[in-house]
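TrEMBL has this to say about the protein:
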type     : residues : note
BINDING  : 88, 91   : Na(+) binding site
COMPBIAS : 155-166  : compositional bias 'Low complexity'
REGION   : 143-166  : region 'Disordered'
TRANSMEM : 24-44    : transmembrane segment
TRANSMEM : 50-69    : transmembrane segment
TRANSMEM : 81-101   : transmembrane segment
TRANSMEM : 107-132  : transmembrane segment
């Protein structure tokens, strides 16, 4: 095999995802989330009607996804359960398109959903990044306190041994 063919084969293997059967826990997480998300969307459309229910689901989904994206690790089963499964079925692009083409909802519906969804996503992302920042600050303070306690004990020991601490 020529060197270029070998590197092509290696790069093809590198980008090929693992077979589905090797990631069963991730599939189960997505399925559980999808079940919950579809039930929530059904309840929302029963309570508020199709147009409002779908719009609320799409906007709430954008808000929550925006908030969770910076917080959750991309490979975690929780992210797959909540973001891919639950929010993926709670929100719906196909209903947005159909309702936009419906003469009773029309282009105002599309504009309202897009503006609402984008605004909610921005608010969610800002909140998510603030959560990450606050966690980092809290972790830094905790580490500083832990290091400070050790440093104080070390300096007291060395001061006592030199006689300068008395």
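The chain as shown is numbered from 1 upward.
Using the three backbone atoms N, Cα and C, a Cβ is placed for every residue, glycine included.
A TrEMBL annotation is a machine prediction, not a hand-curated record.
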Check your understanding: Out of 50-69, 81-101, 107-132, which stretch touches the transmembrane segment (24-44) the most, going by CB pairs under 8 Å?
Key -> 81-101
Practice item. Mind giving me a neighbour count for residue 88 (Na(+) binding site)? Other Cβ atoms within 10 Å of its Cβ, every protein chain shown. Key: 18
Exercise for review: Measuring CB to CB from residue 91 (Na(+) binding site), give everything in the same chain under 8 Å that is also at least six residues away in sequence.
Suggested key: 57, 58, 61, 62, 65
